[in-house]
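A short worksheet on the structure shown next.
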Amino acid sequence: VLYTDKEEVVLWMNTVGPYHNRQETYKYFSLPFCVGTKKTISHYHETLGEALQGVELEFSGLDIKFKDEVMQTTYCEIELDKAKRDAFVYAIRNHYWYQMYIDDLPIWGIVGEADENGEDHYLWTYKKLEIGFNGNRIVDVNLTSEGKVKLVPNTRIAMSYSVKWKKSDVKFEDRFDKYLDPSFFQHRVTNNLFKHLSWISQCIHWFSIFNSFMMVIFLVGLVSMILMRTLRKDYARYSKEEEMDDMDRDLGDEYGWKQVHGDVFRPSSHPMIFSSLIGSGCQIFSVSFIVIIVAMIEDLYTERGSMLSTAIFVYAATSPVNGYFGGSLYAKQGGRRWIKQMFIGAFLIPAMVCGTAFFINFIAMYYHASRAIPFGTMVAVCCICLFVILPLNLVGTILGRNLSGQPNFPCRVNAVPRPIPEKKWFMEPAVIVCLGGILPFGSIFIEMYFIFTSFWAYKIYYVYGFMMLVLVILCIVTVCVTIVCTYFLLNAEDYRWQWTSFLSAASTAVYVYMYSFYYYFFKTKMYGLFQTSFYFGYMAVFSTSLGIMCGAVGYVGTSAFVRKIYTNVKID
């Protein structure tokens, strides 16, 4: 915002909550703080992303004007009865701190502190604001809490503030840079250690990317070498068999993936659900790719709720991708009830997300938390699903069925399914599925730590270039692993590769969810029903979405591989 001298600068009070439970937040004035005397104010408009993230901006009532310094001034008094004292004591014991905004710059302050014995509790009553300006823009805000007052029932506590303005060399575009320091919230550590910790964090990040990149090179090389050599031998053996007469061929020991050529393109079991999952996975991949690119170009972390708003908009806009891939796959597999498939594909992910949010919303309402989603926001999300996502999904489904819905397989499908022979236990689809997700998880688990920390702790994730690299690495590793798994399965003359390729890649989600348990118990200090249900509920949504995306990527890559090998072999 461009300000003129003496123009009103609004201090918004957002939320208050326990430090260790980032998502457990309440309205600032749910604690018995008093409001300043100033009443006139410009109106605040809430976005969809802010409403879903529990942003609750309320006017502080403090009179602040651009470049107009204010000496320490009392703005209100708290009549501290026993109930109010108990509320403050509870907040101090649970390390409550609050968040405010000036010109979209966040400021954090702690409610109070207890003495060493934990018997006496003190409230910080003096907000000392230091605001940096460059030209006619605000570029920096710092809050110092002073005026420690002991909480004694039936007393009056005066709340005061002061405002100091100082010229700053920080450019307006760079004003959020200080929040990106990983040590910004660790107030008790020295500045030299700050820089040291930041340097170590960056080194770990680079090392994790390098480690994953080397894994990709190794895997691609291994897959290429093994499969090319093995397939070359297979082709040579099959071409040699073609040259034999019928008697020799009958006496010969035929085995391998060629034997299932009449069943390999047989429709998968439960084709409606399968094609809906593949369509949803392709859409999640598209959303991830586009949102990361937008985040790399635009600094989405500088605006409240902008990342979530962008993700919702992109998800709705990419609905034709879901319809196209899901609808075309269902048509290829001979599906007739395409309208039902379209509905399942369109509402699979929204139903999962909204169902989890609805459950957590009940708990948030019980706690009177700011994370409780308003009814109007729920209606808006439902309208997006019905009037944007569904019609666009229909368009994608019709295009998919008409443009690429014809089954053009290189091999004819036999009328009678071939019996699946006995094989060793480690070749069973269930074992392949369980082991398939280990390597994809290994390529991303260090990045998972940084992403978890940005969401569940007080750090801002901004290295979206890293995230794009990790997404590419994850896709390559997933495709390589599923191709190898499918080759072994087909070589054992088991043609049930569709679900196996999907689930072996999707099992990455199980390992991510298991890692989330480790992160909760060993890396955080979260507690309470609300924060625990919020954490495990949304981690389940995140893990499932990641699994569906990996499964779809694995299936698409494996499908191309299977089509390629059966195109190149001569079949009677």
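Every residue, even glycine, has its Cβ placed from backbone N, Cα and C.
The feature transmembrane segment is assigned by TrEMBL to 204-227 (among others).
Sequence annotations record features per position, and here TrEMBL assigns transmembrane segment to 273-297 (among others).
Positions annotated as transmembrane segment by TrEMBL: 309-331 (among others).
What TrEMBL records for 343-367 (among others) is transmembrane segment.
Positions annotated as transmembrane segment by TrEMBL: 373-395 (among others).
What TrEMBL lists as transmembrane segment is 430-452 (among others).
For 464-490 (among others), the entry in TrEMBL reads transmembrane segment. Below 8 angstroms of C-beta separation, residues 205, 209, 212-213, 215-216, 219-220, 222-223, 226-227, 230, 257, 260, 264, 285, 288-289, 292-293, 295-296, 427, 429, 432, 436, 439-440, 443-444, 447, 450-451, 496-497, 500-501, 504-505, 508, 550, 553-555, 557-558, 561-562 of the same chain, each at least six residues beyond the ends of the transmembrane segment (464-490), sit close to that stretch.
Here TrEMBL flags 502-522 (among others) as transmembrane segment.
For 534-556 (among others), the entry in TrEMBL reads transmembrane segment.
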Result, the transmembrane segment (430-452) in contact with the transmembrane segment (204-227) (3+ CB pairs under 8 Å): yes
Chain residues in Cβ proximity to the transmembrane segment (534-556) (below 8 Å; excluding those fewer than six residues from its ends, i.e. six or more beyond): 23-24, 277-282, 284-285, 288, 325, 349, 352-353, 356, 359-360, 363-364, 371, 436-437, 440, 456, 474-475, 478-479, 481-482, 498, 501-510, 512-513, 516, 520, 526
Same-chain residues near the transmembrane segment (373-395), Cβ under 8 Å, at least 6 residues beyond its ends: 48, 51-52, 312, 315-317, 319-320, 322-323, 342-343, 345-347, 350, 354, 357, 361, 364
